[in-house]
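Student: I grabbed these lines from Swiss-Prot:
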ZN_FING   159-186  zinc finger
DOMAIN    347-554  domain 'MCM'
BINDING   GLY397, ASP398, PRO399, SER400, THR401, SER402, LYS403, SER404  ATP binding site
MOTIF     529-532  motif 'Arginine finger'
Amino acid sequence: MELGGPATAGATDTAGQLFKDELSDKCQKLFLEFLEECKGKDGSNLYVSAAEELVRPERNTLVVNFTDIEYYNQQLATTIQEEYYRVYPHLCRAVRSFARQMGNIPANKEFYVAFSDFPARQKIRELSSAKIGTLLRISGQVVRTHPVHPELVSGTFLCMDCQSVVKDVEQQFRYTQPTICKNPVCANRRRFTLDTNKSRFVDFQKVRIQETQAELPRGAIPRSVEIILRAEAVETAMAGDRCDFTGTLIVVPDISALAAGDARMETGAKVTGGEGFNSEGVQGLKALGVRDLSYRLAFLACHVGATNPRFGGKDLREEDQTAESIKNQMTVQEWEKVFEMSQDKNLYHNLCTSLFPTIHGNDEIKRGVLLMLFGGVPKTTMEGTSLRGDINVCIVGDPSTSKSQFLKHVEEFSPRAVYTSGKASSAAGLTAAVVKDEESHEFVIEAGALMLADNGVCCIDEFDKMDLKDQVAIHEAMEQQTISITKAGVKATLNARTSILAAANPVGGRYERSKSLKHNVNLSAPIMSRFDLFFILVDECNEVTDYAIARRIVDLHARNEESIERVYSIEDIQRYLLFARQFQPKITKEAEEFIVEQYRRLRQRDGSGVAKSSWRITVRQLESLIRLSESMARMHCSDEVQPKHVKEAFRLLSKSIIRVDTPDVSFDQGEDEKNVEEEVNNANLNNGEEAMETNQDEPINDKPSTNAGLKMSFAEYKQISNLLVLHMQKMEEVEEECHLTTTDLVNWYLKEMEAEIETETELILKKRLIEKVIHRLINYDHILIELNKSELKTMDDSKETSEDAAEDRILVVNPNYMLED
């Protein structure tokens, strides 16, 4: 096919039918016969009901399945494919004739045809001038959408010299006037005015798509192409959608380049030499027409569809989908597999191992990421406030602990996932940017990573390296799931219904156990509270673990595919995920009470001051507990949230919030250390013969043991404190007016530890240690409250020595303290 074919045909057609295109007329006749005769399996006409819909004023496009044309007439299908741009106007006339048979239609109404299910698909990178005018299908991700405008497709002009009317002047993607007045006497070529009442306009929208990461060659920059949508195809593709576009490649004038060329011509004409001659001179044939021949490729689409609409694309989380409709889209074998998975008693574990087969261990993170993919149930309150259902997860860990591997796995698995790096991304790149269009000079919105991941997952690596101003930009997106923009005269609120999976490194590169999580990560408190789950990965030296990891990595390098063991394939998991996400589980009465009880426990732990939380427990953690419980119910295809689902959600949340490594408890040493040393030395001297046999090295060796006695692990400290509190509570239950003093508590503890004490030195150290523990419980943790006996007596008996007052301390347990399990 010659490139000038379509343009020539159009031009001669408008110039008074001087040339008759027999090929197009034949295609029009065959296509009309196809519409009238094409029948389905039940014997009824496939396109009669669709044509009857065209009677409605808002409908003007008939969608035709291309495989039906191939089945009906292969030669017709080949001609449409190879000469699409040439025969398209005639196909539209055939649709108009077919629609008029169905009902009364206005004479001036235009109709269009769109082709779906075109078999072959081209990559954006493979588009070339050889494919201009042929029927193609391309796919990509929408990154920019322009507002809808009216486009002049056929103009009626009035000659300003002789008042003659020139009808149906086809517009070649720019404002095109008649070449000459049709009146033989009039020689006007330039002075025409457009009659808008008799001209034809159509809805027109431009969108820009770019290559997806899956199609992109390694290390290459994504290519983009502009898509032109008309009629009913407008507003069908939103920013972030992955769509298939069926249409043809066309050549359009580059308006911006033409405008720049005109400007250069105007300025260049004014520059003259010293004697009045043009200093530019004659450029020769090399530059001839360069300014005027500025064209670029664009794609004129007639049909827009979702990429893989069954198990991915933009239909992943459509609200109108139900479990029944998803089931109807599956084959019998696919449905049997989904049903088999739903009955699997070990489904939780099998999904985790199948989803991350190359990552050894880290089972808790696998469970958390899996629940993130299933997600909770989004809700809308009576006031119209939206409550998010998406789960946000953050992984904090030392280098080389497979953080980025989790993000890469999710990006490859999820049909709508965006991977980005925090340091290399700006606030506009993460949310949305307002840019100026090159042609219309209007401001349009270009989607950022969070908008592109709408109804999907946004994986952000190096999350802690983001600048503070960029972190603030995603506050709204993480909680309200919207992005508000007010700049350059554009005010908009855009959807960002995405789950965020972030990976961050600790401050200094290594996670310090002596500090809490909030001191280990360079993140603000508002950002941390918006994450539902935090996971900590510490690179520990463990012989068994190191051997298992090394064996796994060597296995992957040596045998590659053979070493990967999956219970379910990726396609099975995607299918099951799509089916399970259609469930909207409700919280039962038992689960509701259990959730309230677990949240009370979390708040109580946070308020007790003993357990070191990673951050403050707020209502957001309660909402996280609800979302995780709903996700567990969805995973098991349950319509109700049961207490067992809440239990697993609480376990994951507890690991994330409470289980923060705590440092050893160090007691103040100072002068107390000297007193301990004196008592130890006196005890050794009183032992007689043992003191005589002691050499000079032994006192030096005793010092470390003394120092070690004033320091203990947090677990030991918690064990002793729980033991003391339990004893006091039991004594209070037995005797209502129980007055336990510090001395009573010390003596009771030493009696309990009697079997472990062998020497007098150990007795003195144990006594000093328990006194320090009681002192800390009173003054720092406020678990115990001290009362002096003098406060219980009359004021006259209050004159006592400080030593007597110390001995007379009465201890009671703080009524607000709850003993941990």
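Cβ atoms are placed via backbone N, Cα and C, with glycine included.
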Student: Given a Cβ distance threshold of under 8 angstroms, which distant residues of the chain, six or more beyond its ends, lie next to the motif 'Arginine finger' (529-532)?
Tutor: 391-394, 475, 478-479, 500, 502, 615-616, 618, 620, 624, 627-628, 653, 656
Student: To what whole number does the mean pLDDT across the motif 'Arginine finger' (529-532) round?
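Tutor: In the predicted model, the motif 'Arginine finger' (529-532) has a mean pLDDT of 85.
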Student: Go through SER400, THR401, SER402, SER404, the listed binding-site residues, and name the one with the sparsest Cβ surroundings, counting other Cβ atoms within 10 Å.
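Tutor: Comparing Cβ neighbours within 10 Å for the binding-site residues SER400, THR401, SER402, SER404, SER400 has the fewest.
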Student: How do the residues of the zinc finger (159-186) split into helix, strand and coil according to DSSP?
Tutor: 0 helix, 7 strand, 21 coil
Student: Under DSSP, the motif 'Arginine finger' (529-532) has how many residues in helix, strand and coil?
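Tutor: Split by secondary structure, the motif 'Arginine finger' (529-532) comes out as 1 helix, 0 strand, 3 coil.
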Student: Under 8 Å Cβ-Cβ from GLY397 (ATP binding site), six or more apart in the same chain: what's there?
Tutor: LYS403, ALA503, ASN505, PRO506, TYR511, PHE535, ILE536, LEU537, VAL538, ASP539
Student: With an 8 Å cut-off on Cβ distance to the GLY397, ASP398, PRO399, SER400, THR401, SER402, LYS403, SER404 Cβ center, who else from the chain surrounds the ATP site?
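Tutor: These residues sit around the ATP site: ALA503, ASN505, LEU537, ASP539.
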Student: For PRO399 (ATP binding site), list the number of other Cβ atoms lying within 10 Å of its Cβ atom.
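Tutor: Excluding its own Cβ, the number within 10 Å is 11.
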Student: Which one is it: of the binding-site residues ASP398, LYS403, which Cβ has the fewest other Cβ atoms within 10 Å in this structure?
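Tutor: Lowest Cβ count within 10 Å among the binding-site residues (ASP398, LYS403) is ASP398.
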